[in-house]
Amino acid sequence: MARYIGPKAKLSRREGTDLFLKSARRSLADKCKLDSKPGQHGRTSGARTSDYGTQLREKQKVKRIYGVLERQFRRYFAEADRRKGNTGENLLKLLESRLDNVVYRMGFGSTRAEARQLVSHKAITVNGVVANIPSLQVKAGDVIAVREQAKKQARILEALSLAEQGGLPQWVAVDSKKFEGTFKSMPERSDIAGDINESLIVELYSR
């Protein structure tokens, strides 16, 4: 399955909630009707969604939020299930500790897609070493930084400004003047914002 490159707002409308796929410069709710499905007049149906359909939609929503394809998502779930603790929470923690997501959470990219591009274009270092794999798992204590030649990019400066206005997660510490941040610890479930019901995904894969 190829990565989706179409309109980001369409995906949020499909899920009926803002997936934060676009910059926070303007609220997505101001741009489109999130309660209206994609299509000229919005797709309507009187049929009740089945339990399976609800579970599948939740999985699709989380995949789209983090920009992960099906095969990779299955691997994340298998690893989450293998680890001790709550499988659903483990899954979200694995997704949150992806390098592209951490770059986004630190405010170096205004969206996860932009953060993923920064990583792919070798604009990011981890502990002083260039890292260009978006799915790299970041560990507690790792230092993430913007490379010197990328510090003047307008999109990074703008993203940092937006992040400072909106606030940063407690599990990262960022020095915006140095363009670097520290992944202090794995986030707790309560630290992960967003309208996500991970238990539905666990139920889906438990069928």
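For all residues, glycine too, the Cβ spot is worked out from N, Cα and C.
Taken from Swiss-Prot as is:
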- 31-55: region 'Disordered' (REGION)
- 42-53: compositional bias 'Polar residues' (COMPBIAS)
- 97-160: domain 'S4 RNA-binding' (DOMAIN)
Which residue counts does DSSP give the domain 'S4 RNA-binding' (97-160) for helix, strand and coil? 26 helix, 11 strand, 27 coil
Grab the pLDDT values for the domain 'S4 RNA-binding' (97-160) and give me their mean, rounded. 98
